[in-house]
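Feature annotation from TrEMBL assigns domain 'NADH:quinone oxidoreductase/Mrp antiporter transmembrane' to 24-272. Feature annotation from TrEMBL assigns transmembrane segment to 28-47, 59-83, 104-124, 130-152, 164-180, 186-205, 226-248, 260-280, 301-318.
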Amino acid sequence: MKANLSKIMFMNTFMVGIMMSISSNNWILIWCGLEISMISFIPLMVSKKIISAESSIKYFIVQSVSSSLLMLGMLIMIMKGGYNYDYMVKSSLLMKMGVAPFHNWILTVIEGLNPLMMLIMLTINKLAPITILSYMMNSMIMLICLNMIIASTMSINQNSIKKLLTYSSIFNLALILMIIKMNLMWLLYLLVYSILLFMMTVLMKNLKIMYINQIIIVDNKMLNKMLIWTIMLSMGGMPPLVGFSIKYMVLQFMVSMKMYTTLMILVITSLIMMMMYLRMTFISVMNSSMVIKYVSFNKKLVSSIMLTINVMIIPLMFSTKLLN
């Protein structure tokens, strides 16, 4: 009971720190909010496993270094009186999010987290740095292209689902940085991606799968395998799923800005990422009987069907706005 109360307290403090960073217009308050969220998140990471303690220590060291750079960059900006010296601030925020080339730490930290903490680190934990960057972000096309290339190529031979989702997060974070000046657009992208990642996290937790080859062994129900298949294709951007809708939104933005070279890199790297997702979906349906069997409508089946319907229906809600 005490453990649950402490987790609730730390989670509330974590959210307060994020909201403080997002809503503040003072650099010191922004820094304080980031520190509060970081200090509150570390106890949530820790469990009885040794690898969890190791991940929390690595996370603390990286976040401390990036916070020191952020404070130094803020002092330089205040002393110089302008945003011409904001490179250190941007670098510290990118390091906090785990953006390439500062991404190696998040790959090691994520392996020691449970699925829920992994979900928070890859989604909610990045909300404050992205919001701060949206106020000061200039064009960083080279960095965006670097993230897309690294995420797509490094994910090809991965067997760990956690690392695959981390590379997927880096890739999608590059697309968010592409449209970061469009407030509603990047918020919608982050929201939809968070929903898809939440669905995948729920499946990982329920089926207790951490590696791709476990998908074949752990569960033989065709429904669960088809659910993994649908979510993976949606995350890869297969039409007409919701993942395609948000990527199409980014493509429209890039065409309107005449960023054709970057657009070509996005298409190529997206195809590579799709190949990775297709590999997972192929494995998920291997050794499964394709014969349709009658099943009883229990609660798990109904919830699984509703989850699949949600993945399919969401694009219809936004199609009139996004695809026109």
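Just so it is clear, glycine is given a Cβ too, placed from its N, Cα and C backbone atoms.
Keep in mind that this is a model prediction, so the values were computed, not measured.
Through the fold, the transmembrane segment (260-280) approaches residues 141, 144-145, 148-149, 151-153, 155-156, 158, 161, 164, 168, 171, 175, 178, 212, 215, 228, 232-233, 235-238, 247, 250-251, 254 of its own chain, all at least 6 residues removed from its boundaries and within a Cβ separation under 8 Å. Simply put, out of 28-47, 59-83, 104-124, 164-180, 226-248, 226-248 has the most Cβ pairs sitting under 8 Å from the transmembrane segment (186-205). Taking residue pairs at least 6 apart in sequence, the transmembrane segment (164-180) and the transmembrane segment (104-124) share three or more C-beta contacts under 8 angstroms. Through the fold, the transmembrane segment (130-152) approaches residues 21-22, 30, 83, 86, 89-90, 93-94, 97, 99-101, 103, 167-168, 170-171, 173-178, 180-181, 183, 186, 190, 259, 262, 265-266, 269-270, 272-273, 276 of its own chain, all at least 6 residues removed from its boundaries and within a Cβ separation under 8 Å. Remote same-chain partners of the transmembrane segment (59-83), defined as residues 6 or more beyond its termini with a Cβ less than 8 Å from a stretch Cβ, comprise 27-28, 31, 34-35, 38, 41-42, 45, 89, 91-93, 95-96, 105, 109, 136.
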